[in-house]
Every structure is written in C-alpha cells, then in structure tokens.
Amino acid sequence: MKLYNTLTRQKEEFIPLKTGEVNMYVCGPTVYNFFHIGNGRTFIVFDTVRRYLEYKGYKVKFVQNFTDIDDKMIKRANDEGITVKELGERFIGEYYKDADSLNIERATVNPRATEFMEEIIQFVKELVDKGYAYEIDGDVYFHTKRFNEYGKLSGQNIEDLQAGARINVDERKKDAMDFAIWKKQKPGEPAWESPWGMGRPGWHIECSCMAHNLLGDTIDIHAGGHDLIFPHHENEIAQSECRTGKPFAKYWMHSAFLNIDNKKMSKSLNNFFTAREILEKYDADVVRLFMLSAHYRAQLNFSEELLQSAMSAVERLYNAIYNLENLANEVKRNDLNEEEKKYIKKLDEYREKYIEKMDDDFNTADAIAVIFDMIRDINSNVKSDSSKKIIEYALSIIRELGSPLGILQKSTEESVEDEIQQLIDRREKARTEKNWALADEIRDGLKERGILLEDTPQGVRWKRI
C-alpha cells in the first residue's frame, strides 16, 4: 500500500511505526461557524482514509481537534455578546450534527485546545528554555532561524520567505518569519496565567501539543487541507521537532481544494456553501460520491450539475441493490453450478481491482469506477434463475466495497425515501420561485415511478400507487 507523502513529494510504501496500528491526526475546524462544504471535502477524504485503513485490518487511533480559542471566535463571541466558551459549545454541537449527516465516523478523540492549556504552557516553556523561542513584553515567538530545516514541508526557502514577510512586520521580532506561540492578553479577551503573564496560545502550538499528548512524539499520519501546508503544518514541524529532536510525523497527507467558479471555496472569499445547505438537497451518499469522484490530491469543481449526476449514480447503485434483494427473496435454489462458481471468482477479482486502486494512494475515483463496472456485470449476469448464494454474494460484495467510501450502507427503503424527500424539497423550492415547469416535471417524474404527491394544508405527502 502506497501513499503520497507531502514531505518527500513522492509516493511511499506505508509502514506504520507499530505493526497493525495507525496513529492519525487531522486538523479539525475552528468552531465559530458551520463548516462549509470545502472543509467537508477534507473531513470526508480523511474519514475515507481511516475507514480504508480499518478495512485493511489496522487499528486506527484517529484524533481530530477543535480549535476553540481563536481571533475569529473572540470577534464573533463579542459581536453576539456571549462567551467564547458558549460559542464553541454551540458550534461543536453543530459540527457533530453535520458530520453525522455526512456519515463521517466519530473520531477516537476530539480534543479542544482549551483543555490542554497546562500542557501548552509547558510546551512553550521548554522551547524558551532550549533557546528556540523568546519572550517580548508578554508575547512569545518561535525563532524560525534556529530550526535549520524550516521550509522542508512546503519546499520554500527561508530567506525568500523572510523577504516576503517584511511588509507590516512586528519590529520587535528577531526575524520576519518568527511566529507567535503565546499571545499577550488584549482587553476583552479570554486569557490564562503563564510565566509570561496573562495570555493565550497561538494556533500552531495548539495542534502540536494535542498531537504530542495524545499520540506521542512521532505520529504515523498528519493530515489536513492543502492550505494548511504553509504556514500551519510547517510551523507545527518546527516547534515539535525542536522540542523532541524527533520527526513529528512519518507521513503528511493533504487534500486539494474544492473550487467554485474555479476559485477556492472559502469563508474569506464569501463564495461558500455550508455542508448543512447542501445536505438539505442531497443525502450523504450523494455528497460523498461526488467528493470521492476525484482523487483527493486533485482539485474538484463544485456544481449543481455534478451533484445531480452523483445523485443519479447513487440511484443506479441502490437500484442494483434493490433488484438483488428482490431476487434473493424470490429464488429458492441454493446450490452453485460450475459457471456460478467461476462467477464468484470473477466478483472476487473486482474486489482485488478495487483494493489495488485504493492501495495506490487512496485512489477513490478509480475504485468507484471498479464498483460501477462490477454493478454492470452483475446486472447482466445475475438473473432470476441464479442461485440464491450468488445473489447474496453479489449483494455482500457491493456493500463491502461501499463501506470504506462511507456509501451504500443504507437499506434500499431508506435510500428511496431520502431520495423522494429530496425531490419533494426541490419541487417546493421551485414552487416558491414560481418555476412551475420544474415543479411539474418533478411531480410527473415521481408519478412515473409510482409515487403520487398530495398537497395538503400540513405540507406535501406522498404515497405509492
């Protein structure tokens, strides 16, 4: 099994530090708002990586943090007249709702920065004591020039970085690229007592500290969005390796951006959709299939057309499952003839192809293509005169290969009901916008499938006809 290591810029054989076990740290959200679907891509990608590692038999300790003290959080809490803690609690709850709706498995641990303040202060103190950090008037900065390998993750030269950083630089710093690991308290900000006075940690030190405390000096996989390579992950490496003298992570993985109109989707550009907005129209299988339809290191363009295409694809997959379930209930023969024994081996070959694709740097796009090839083959070859055993085997392998991707696990009835509700919601939106043609098209399409809509004072109801 190979994965692309951002640190070495090449695919490497995956060999965890401890046989059969994987320690994995993924940078999580700053909890001041709902997460947008661009963040959602990162969370889905590394949920899939975790699921596949577990499918391969690894015991995975998966840590994803919550940044619950941050400039953005302080500003929003002040704007709303609530505490930063109250804001964090609210959006941690909202994160779980949306992540659960996207079928993202809960992390082994979701640490919060504010729970590790004592450990963070000790981390900063050690860096100061070793001469890697310095204090100026209550602020503590990491001295990047003391770390000779600074820039190794992002492939940037420190001299070039410093030249670019000299605009609006804090004159008190020894070098332009030095970054804050402890910030002096400003009026109205939450703060903790430290050897340098009241203050709070910098963002980069929080992740380093939580990873160290929960996973050890060196972890197997550290992951996050592509935008975190520099400066966040670069700074994590610098402060962590200066503290321990050991490599911080063996493998670094980064997911590419989700774009909208060929620009990165982000809150700062105000060109984003929240995961919750998308989930009002599409269910988890659709969103996950869309997100995983491109390799995680390839940028993906967001569009309604692509989501509609993913919805049709998911419908085809569940239709295949539905047809097989009906066949399994109808057929009586249990024995396998020679042709069917050969066909089971053919289905096993699809599994092997799928594993081959996923073993090649988690190539979900090609793995999904294997599933569709297999479905087409099953649709052509598994019929009403087939053995019950082969029908059940076909069903089980479809579910099995969907599992690492987090799809195809619902009952067919659940899937059908979710899809009908999504179409009803789209019809209601069309009616609100006075798009009567689209509303009628959706109603007529459902009627052709044996679903009759009834508009009542209490809302739209549906029944089978």
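Here, residue 1 is simply the first one shown, and the rest follow in order.
Each Cβ is built from the backbone N, Cα and C atoms, and glycine gets one as well.
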Segment assigned the feature motif ''HIGH' region' in Swiss-Prot (from 29-39, 95-105, 271-281, 359-369):
29-39
When Swiss-Prot marks a stretch as motif ''KMSKS' region', which of 154-158, 224-228, 244-248, 264-268 is it?
264-268
As a test of the contact definition, list every same-chain residue at least 6 positions from E236 (Zn(2+) binding site) whose Cβ is closer than 8 Å to its Cβ.
H204, C207, S208, A211, H222, F248
Take the motif ''KMSKS' region' (264-268) and find every residue of the same chain, 6 or more past its ends, with a Cβ under 8 Å from one of its Cβ atoms.
33, 36-38, 227, 257-258, 302
How big is the Cα-to-Cα gap, in Å, between C27 (Zn(2+) binding site) and K267 (ATP binding site)?
17
Across the motif ''KMSKS' region' (264-268), average pLDDT on the 0 to 100 scale:
76
Within 10 angstroms of the C-beta of H232 (Zn(2+) binding site), what count of other C-beta atoms is obtained when all protein chains are considered?
18
